[in-house]
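If you look up TrEMBL, you'll see 463-567 marked as domain 'STAS'. Annotation comment: TrEMBL describes 35-53, 59-76, 105-123, 222-245, 290-313, 325-344, 364-384, 391-408, 428-450 as transmembrane segment.
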Amino acid sequence: MEPLMDRPLLAAGSAWLPILSWLPRYRLTWLKMDLIAGVTVGLTVVPQALAYAEVAGLPVQYGLYSAFVGGFVYCVFGTSKDVTLGPTAIMSLLCSYYVDRDPVFAVLLTFLCGVIQTSMAILRLGFLLDFISYPVIKGFTSAAAITIGFGQLKNLLGLQNISQQFFLQVYDTFRKLPEARVPDVTLGLLCLATLVALTFMKSSLGPGSDDLPVHVRGARGLVWSFSTVRNALVVICATCLSYSFEVYGHHLFTITGQTSAGLPPFQAPPFSETTPNGTVISFNEIVLDLGGGLVVIPIMGLLESIAIAKAFGDQNDYRIDGNQELFAIGLTNIMGSFVSAYPVTGSFGRTAVNSQTGVCTPAGGVVTSVIVLLSLAFLMPVFYYIPKASLAAVIICAVTPMFDYRVIAKLWRVKKPDLLPFLATFLLSFWQVQYGIVAGVVVSLGMLLYDVARPQLKVRDHGVLVVELDSGLRFPAMQYLSQMLFSKALTASSHRSVVLDCCHVSGVDYTVVDELRDLLRQFQQRGEVLIFTGLSNSVLEVLLEAELPGLKHVESVEAALQAVSVFQHFAC
């Protein structure tokens, strides 16, 4: 029988609808694994979504509003079987800087991010993400881990009226330490200890524990199961404890409080806002207030999700389509804005859980979305009693692995200058995230341009200078090369000929051609010769068409040295 993907029509359709590549051959055994993975991730995402909404400065139900659309959309348009879309720590932190605790701003930001992301996918602009280097990403995520983790200390300690700006937040937290509430501190530390213990229990299963399916029989499977859904277990136990005290009139813990019950209404995102005093904030004013968030948030969302998809694609031996991933994320945000979601992206932690539990297709995300919808429909009254300290513990444990202190040593060993964009991003991100990212990208591009403008030159002296270009030759480097040849060959006490080894030059531009014309003329005026070797056919054709005076090209350096000897013999 002809394989499904060999059929031209189906193959063409799957390029736009990746679901067509796996749905026609879906099996019952896949359904079992997708159900198990979907339920497991669902039990993970519900407490995380509630916690991340706190980070974003929004009512907790907005975390759940943001957690279910991605499963349905990505199932149809996504190209990774493992990726789960939803609220994440980084996106929540970024949103908190721009929406100022205003759900209207958050929902409109989601819509605009989706439009920008889908437009990038349609225009195939995914390559722009390649200009954000690894040190910039690591600098940002490390700073975000510290910012998010420290920002949750106020909930862990039961403190009120703490500033949102990081440095003021640090000051307020330490200033108000005497006001810490003992029940919140006790519960928060207990939740933290439980989460850490369950994490270590999972790691104690051995190196193969990450591949252990959740439904495996025996003690190992039980430990793996409990450790995988540890967030849900901790929040459920803390909520039961809080509810028990509240029933008897003891208000020991700072709790989440009133939440909107039921599913969110399906409606167009708001394009203006009317404040309680009757002032109307127009669409243009909202866009101006969002400012840099309309650049930072869409790009960081794409970067985070695509990096996760590539990582798990390599791990599980399948390929992803970058532009299709952009489209899936953008469409998720557009659709999410109709159900009051804030911007989402791929979650590394939940994607890891999804992969480890043996998910077979993106249909596992649909099961996760159904779990979230059921929680919204029936469990919202229960969320009233969730202690904020337990959610803070969940967030702190989730973001701690994001801080990778070992990256500094790695950058130092591999390439020390890469510490510059890392430190620029890391330090400035504590002031404003967008400044940190922009600074890191600018420093990285500056280093990249410097490498282009100052190529490595290997100079050997055989009586004749042999200059080898270690990289390509473009207009920023031409002035540097020209000055070097002039100083070493044409202004020395005795003029010298030069052999220019261009085996690494794949292309030239008009500036290069024009500068070479001047160089050749100067060599001729001084009775010396400049010979090129190793030029590719395409570059040689360009130089010949430019009719450069005295252009000489041979295949090898040895042949060039012989040619120089002949030239000098006749010159004498």
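Glycine too: its Cβ is placed from the backbone N, Cα and C atoms.
What you are looking at is a predicted structure, and each value in this text was computed from that prediction instead of being measured.
Pairs of Cβ atoms less than 8 Å apart link the transmembrane segment (35-53) most often to 364-384, out of 59-76, 364-384, 391-408, 428-450.
Scored on C-beta pairs under 8 angstroms, the neighbour of the transmembrane segment (290-313) with the top count among 59-76, 105-123, 222-245, 364-384, 391-408 is 105-123. Sequence-distant contacts of the transmembrane segment (105-123) (same chain, at least 6 residues past either end, Cβ-Cβ under 8 Å): 56, 58, 62, 66, 95, 98-99, 269-271, 273, 283, 286-287, 289-290, 293-294, 297-298, 301-302, 323-324, 326-327, 329-337, 340-344. The recorded stretches the transmembrane segment (59-76) and the transmembrane segment (364-384) share 3+ CB pairs below 8 A when only pairs 6 or more apart in sequence are counted, and are therefore in contact. Model confidence over the domain 'STAS' (463-567) stands at 83, taken as the mean pLDDT rounded to a whole number.
With helix defined as DSSP H, G or I and strand as E or B, the domain 'STAS' (463-567) counts 52 helix, 16 strand, 37 coil.
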